[in-house]
Amino acid sequence: QFPEYDPDLLLQSNAGPCERDRFHMENLAFEKSKDDPPLYEETSFSGNGYGNGEHRSVRPSVVSAFGHDTLDRVPSIDFYRNPGTVSGHRAIRPSLQELHEVFQKNGDLDIPDTVDDGEGSDVLENDDIEAIVPPENSAGVVKFGWIKGVLVRCMLNIWGVMLFIRLSWVFGQAGVGLGIIIILLSCVVTTLTCLSMSAICTNGVVRGGGAYYLISRSLGPEFGGSIGLIFAFANAVAVAMYVVGFSETVVDLLKVNNAIMVDEVNDIRIIGCITVVLLLGISVAGMEWEAKAQIVLLVILLIAIVNVFVGTAIPATEDKKAKGFYSYQASIMSENFTPSFRDGETFFSVFAIFFPAATGILAGANISGDLKLCPASVNLMSVVIAGPSGGDSIGTLLAILITGLTYLASLSATVVRDATGNRNDTIAPGASCNFSIACDFGYDFSVCGTTKCQYGLMNNFQVRDYTTSGTFITAAHRESLILINVFKICLIHECLPIFILYKNNLPVWFQALCKDNIYKALHFFAKGHGKNNEPIRGYVLTFFIAVAFILIAELNVIAPIISNFFLASYALINFSCFHASYAKSPGWRPAYKYYNMWLSLFGAVLCCAVMFVINWWAALLTYAIEIFLYIYVTVKKPDVNWGSSTQAVTFVNAVNNTLTLSGVDEHVKNFRPQCIVLTGAPKTRPALLDLAHSFTKNYGLCLTCEVFVGPRVERQQEMSASMEQNQVWLNQQKRKAFYAAVASESFREGAESLLQASGLGRLRPNTLMLGFKRNWRSADTADVQEYVGVLHDAFDFEYGTVMLRLNQGLDISHILAAEEEMEKMLLEQQALEMEENGFQEGGKGFFKRARKPSQKVPHTSDVAKINQRLVEASSQFKKKQDKGTIDVWWLFDDGGLTLLLPYILTTRKKWKDCKLRIFIAGSVCFRMQSLLKKFRIKCNYISVIGDLHIRPTAENWRLFEDMIEPFRLHEGSKDTTQAEALRKEHPWKITDAELDHFDEKTNLQVRLNELLQESSRAAKLIIVSMPIARKGSVSDHLYMAWLEALTKNLPPTLLVRGNHKSVLTFYS
């Protein structure tokens, strides 16, 4: 039997020493034995990672549920929080180094101190909105549950201008049958979008940002940023639509009471502008008023809706009959069932005007940052109904159901399409009437066939006002009646949706878009104010956009614009859900299971199809804007990483394509150089990297590699730290290359590991590229042997080999180190001067201290001037090459790599002004011309070298002998015993026998250098076939002497040797 214990204790993840006694439990089922885990003693670290000798205590071990002391911690949610999270304290779990090495080294481990929250973590500090540090006065932040935050908010957004002043017109135009289809089609679109949105919302904690947050965190900043701006604009226009709807109603009241100020259109503009100014003032006041008044306002709105339906059941008065209202009649329903489109309207144009009535479904998601977090839930239902994770789904679906039923309960069975409003338009005794069903109720509205009437479903947008029961209209005086009508229209019909939309949709998540800094110009709007981080600047922006569209003063023009943008947003939300499901990323684990990826795809296609049917040119314009914004974000590459499904699909496609390539045999036509470049740290040999990048950019793979020489345990930490740093540097320099590193006891072993293990499937390097070892004469013998050994290994592994030599050298690491030191000194000097200046400003008058001249600190450019030639040489391949030649000395057939690499260079913009010149030996010129023609390689000049066999000049031969003199054994002048002893003592030295045996090959290298200086001294780049040293026959120093003699005193020179497998073909 195990003892009873408090499970909460096991969830404590970072207990301090003072809490250790609470954790002291012993597993009674654990039997002590001599094999028990040891009780570790607390130790201290020898350093904090900065080399200052400071010590700190190791994280205290705790007695775990396993019965022994351990640094390990039990799983806890605190370990998985983002740095700076607003939802709880982030704990730091023991590092793998602490667990692996601390006790192995007798208590000493040189690693950095425990990082604070947000420092040194595996999650970027600002990689999410959750990572934003909350304001200090966050105690008064208003948060909403799923009812107030989602259900109520969605209903208030959906009910509004369309319900009260356009629904009757929709049914008048489309009829009851098509009207129901319009409502159902809208509900299908919004329901599918809600299901997709619910899946995305429950796949992790959703912060402020609404639809933008959902799309950007799912599809990435490219889609999120583009649709974020579009949807922000749509919501701003929606404010204008609601304000115009309200203004229309007020103007109708003014018209009835002969109180028109200017004319109807301008009165709409005036009232609309005044209204939106009031909204701006209310919004700036804060969220507390809205949070408290929301339920009360919803109750009033519900009473108003009930009031309408009660009024339709009360027998109609003579005044209402003259306006076309006759209570519920089956004959009216029958007549209104079929469509009667007028004024050029069609099914989809009517749908476009109605659809904004269904677009309030994102009201809850749009304030996701203000919803309460879901507590620890004990069952699925509590997850579904609590917090933003599931509250969005049930709240939004319930809102769609309730409002959809309200829309379906239309007035089409109570009001005829046309009425005059004149009580005298009754049927005279004996007269005939067949204009409309109103004839059955004693009214003849046939005049409406030739003259536009003012009443009826088709003519009066305020039908619901004269179908109400009159509950709110109790005043006796005319003035009081006008005021109460205005209050009813403003408070109940339109102003609530206007305020909720203006307050929470656009500004809040537009602020989130600006905080992500995807569009630099919009970062101004990221700043918030007050304890709720109110987006005041966003309110002002919404105000100006709304005023611009209010000036249109035509609701039927504004509504289709909104429909177009909302449909585009819904299409992307559905596509986000499909894309995330299709990617099959392990991180896609939505708690909401009632969705289907193919249903989401159908929703996306449906939204796009409806967009084009409504207005094809507006749809094209919308997507053109979205594509432009997408390309802009793609080019700018914002520094964000949200783990989007786009990244997941890219990874899956890369793996699948790599596997597909692995199943296909290689073909010579598809050969491309895939280079493994021994640059060390990439920035230390820029010339080598730039030239390799010219070979592989858009053609093949480029791996920049570094070997950390030394004991692996000691170099491992340095290597790990350099991995991400060097890859980031490559990305910043726009080099399409990867960085790889190994820690090894020797340079050759490390290079051998890279040559054997680099790459994946067909994406494996086939060409080794390295720099010439300029200091081989002064270097240790072991270093020279390792360097030449790498070349031997490359030939053994059948790699093509490319060696670059610059007279000035390749390595600029000493310059970079000096510049870093200068910058450090400069910063220290600046800090010292600021401190002195601060002290001097404290004095007054004559008592001010005289400012001492600052000590002169060398500028970083001074270091570059000292090594100007090396710096210029290292950057020469970064810039465009002037007109010149690339001289190719193709002396040995190595499969064509010596010819392919210069051809690739001529296809690059930097080298396009350089022409190829080919130098060959032992061949007839026209044969080479024929071969190049078949290879389809353009060449301006071909030269046959006929005097290669001539011995070099005596001076050059003497210089060569002087060069190898320190490395010769001179055993020929010694007796046999002494010669044998010298060979054993210096086995690496060049023997006389070796020189005699390779005399002709040695002469060839010296003679080639003379010809190169004679013919190619003005070339931009020389490419020469590399000589091969046979293993076991040619000593390392003799081989290096060959390479030195061949390439000395020349322009940039590449020694190339293919693996003697064809890389060129003239067959199609």
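Note that Cβ sites are derived from N, Cα and C of the backbone, with glycine treated the same way.
TrEMBL does not curate its annotations; it predicts them automatically.
Residues or ranges marked as domain 'Amino acid permease N-terminal' by TrEMBL: 58-118.
Summarising the annotation, TrEMBL assigns domain 'Amino acid permease/ SLC12A' to 149-676.
Summed and averaged per residue, pLDDT over the domain 'SLC12A transporter C-terminal' (685-834) gives 91. The annotation domain 'SLC12A transporter C-terminal' is assigned in TrEMBL to 685-834 (among others).
Taken from TrEMBL, the feature domain 'SLC12A transporter C-terminal' applies to 856-1068 (among others).
Residues or ranges marked as transmembrane segment by TrEMBL: 150-171 (among others).
Per TrEMBL, the feature transmembrane segment maps to 177-202 (among others).
Marked as transmembrane segment by TrEMBL: 223-244 (among others).
Sequence annotations record features per position, and here TrEMBL assigns transmembrane segment to 268-288 (among others).
The annotation transmembrane segment is assigned in TrEMBL to 295-316 (among others).
The annotation transmembrane segment is assigned in TrEMBL to 346-366 (among others).
Annotated transmembrane segment per TrEMBL: 397-416 (among others), in sequence order.
Taken from TrEMBL, the feature transmembrane segment covers 539-559 (among others). For the transmembrane segment (539-559), the residues of the chain that approach it from at least six positions outside its boundaries are 161, 165-166, 233, 235-237, 239-241, 243-245, 247-248, 265-266, 268-269, 272-273, 276-277, 279-280, 283-284, 352-356, 502, 506-507, 510, 525, judged by C-beta separation under 8 angstroms.
Per TrEMBL, the feature transmembrane segment maps to 565-583 (among others). If you look at the transmembrane segment (565-583), the same-chain residues 6 or more away from its ends with a CB under 8 A from one of its CBs are 189-190, 192-193, 195-197, 199-200, 203, 211, 214-215, 218-219, 223, 227, 230-231, 233-234, 237, 355-356, 359, 362, 595, 597-598, 600-601, 603-604, 607-608, 610-611, 614, 619, 622-623, 626, 645-646, 648-649, 652.
Panel annotation: around the transmembrane segment (595-618), residues 185, 188-189, 192-193, 195-196, 198-199, 348-349, 351-352, 560-561, 563-564, 567-568, 570-572, 574-575, 577-578, 581-582 of the same chain, lying at least six beyond its termini, place a Cβ under 8 Å from a Cβ of the stretch. The annotation transmembrane segment is assigned in TrEMBL to 595-618 (among others).
Put simply, of 150-171, 177-202, 397-416, the stretch with the most CB pairs closer than 8 A to the transmembrane segment (223-244) is 150-171. According to DSSP, the secondary structure content of the domain 'SLC12A transporter C-terminal' (685-834) in residues is 81 helix, 28 strand, 41 coil.
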